[in-house]
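Trainee: So that we are looking at the same thing, I have put the structure below in structure tokens.
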Amino acid sequence: MATTLSSSSLFIQFRGRRYNSLSSFNNLQKRTVLSLSCALSSQGGDMIPPEGKSNDRNSAFDFKSYMIRKAESVSAALNVSVPLQEPLTIQEAVRYSLLAGGKRVRPLLCIAACELVGGDEATAMSAACAVEMIHTSSLIHDDLPCMDDADLRRGKPTNHKEFGEDMAVLAGDALLALAFEHMTFVSNGLVAPERMIRAVMELAKAIGTKGLVAGQVTDLCSQGLNPDDVGLERLEFIHLHKTAALLEAAAVLGAIMGGGTEEEIEKLRKYARCIGLLFQVVDDILDVTESTKELGKTAGKDVMAGKLTYPRLIGLERSREVAEKLRREAAEQLLGFDSDKAAPLVALASYIACRHN
């Protein structure tokens, strides 16, 4: 019997048993993501199956397989979206970063949100690709000498190291434009025009001066500041805009494309905001606890640059506590949705909390 969630009475019916509290629901979540495990390998973020894994396929969601399938689908769609054509140099620069792998968390989130509200992968794919194009654009620009001056990204030389600063700037610009072109062209006929207009507005807002750009500017202006003079409010502003805004857009776009109601869209917005902050808190922790080899990028760079980070402001232990609190808050936003369809998003929050790179 499928799990039944009631947001009004807050009980959960699962195989004839009733759970009447959020803590009971959290226990159910642990079984739902049993196959996830917090043990991650140091290469590519692959999950190591935990000992004693349940053989009951109905009680455990295989997030690893789900993530691999979605990442492969997204990568195939991205490959088609940027064919090699003249001028070859810019196309090669675009493809170099866009097809460099990665966990594809943002497009996965977009697709899972679409499926949660009744849509399917095909309907969400153009938006999922658009979000990944913008994410890649932001990474190319973020790595430039005038920004973070990074040498490695996903275990490879950064775009400007491979193609030069001029071509890297243009590759990032091209991806930004291509994202909107791709989403609107490919989705034509699949999504109602009014929903497409809203999706475009949401995505544009997420990456402009009310979103990603605002976070990057505040981050740059905060380098070298004394942590004692800067509160958590400023750090949260940076991460809500620089990191969470695009994750939020991914979830909202998926819900819009899938025909979600206003209530469903807002629940997914709050969920994504929580995992967006969670993603960055964990990123800050990994920057001081993992090696360059494990991360696929230069470890300790934020500390060396004097950046504001959660460990720098509140220490490692409190940072871990904040991460767990955000994971729980994200899961709470999924109460009321069909549990089978929500399983990928429950697992995604746990994956982000437990990742090693």
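Each residue, glycine too, has its Cβ placed from N, Cα and C.
Marked as isopentenyl diphosphate binding site by Swiss-Prot: LYS103, ARG106, HIS135, ARG154. Taken from Swiss-Prot, the feature Mg(2+) 1 binding site covers ASP142, ASP148, and the record attributes it to similarity to another entry. Annotation comment: Swiss-Prot describes ASP142, ASP148 as Mg(2+) 2 binding site. The dimethylallyl diphosphate binding site feature in Swiss-Prot is assigned to ARG153, LYS242, THR243, GLN280, LYS297, LYS307. The annotation transit peptide is assigned in Swiss-Prot to 1-37 on the grounds of sequence analysis.
What does the local environment look like for each feature on the list?
Mentor: DSSP classifies ARG154 (isopentenyl diphosphate binding site) as coil under the three-state reduction.
Under 8 Å, Cβ to Cβ, and six or more positions away along its own chain, ASP142 (Mg(2+) 1 binding site) finds ASP148, ALA150, GLN216. ASP142 (Mg(2+) 1 binding site) falls within a helix when secondary structure is assigned with DSSP.
Within the same chain, the residues at least 6 positions away from LYS307 (dimethylallyl diphosphate binding site) whose Cβ sits under 8 Å from its Cβ are ASP219, SER222, GLN223, listed in sequence order.
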Trainee: Whose Cβ, among the binding-site residues THR243, GLN280, has more other Cβ atoms within 10 Å than any of the rest?
Mentor: GLN280
Trainee: Quick one, of the binding-site residues ARG106, HIS135, ARG154, LYS242, which Cβ has the fewest other Cβ within 10 Å?
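Mentor: Least crowded of the binding-site residues ARG106, HIS135, ARG154, LYS242, by Cβ count within 10 Å, is ARG154.
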Trainee: Count, for each of the binding-site residues LYS103, ARG153, the other C-beta atoms lying within 10 angstroms of its own C-beta, and report the residue with the smallest count.
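Mentor: Counting other Cβ atoms within 10 Å of each of the binding-site residues LYS103, ARG153, the minimum falls on LYS103.
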Trainee: About how far apart, in whole Å, are the alpha carbons (Cα) of THR243 (dimethylallyl diphosphate binding site) and HIS135 (isopentenyl diphosphate binding site)?
Mentor: 10
Trainee: Sort ASP148 (Mg(2+) 1 binding site) into helix, strand or coil using the DSSP assignment.
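Mentor: DSSP call for ASP148 (Mg(2+) 1 binding site): coil, neither helix nor strand.
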Trainee: Counting every protein chain present, what is the number of Cβ atoms, excluding its own, within 10 Å of the Cβ of ASP148 (Mg(2+) 1 binding site)?
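Mentor: Looking across every protein chain shown, the total is 21.
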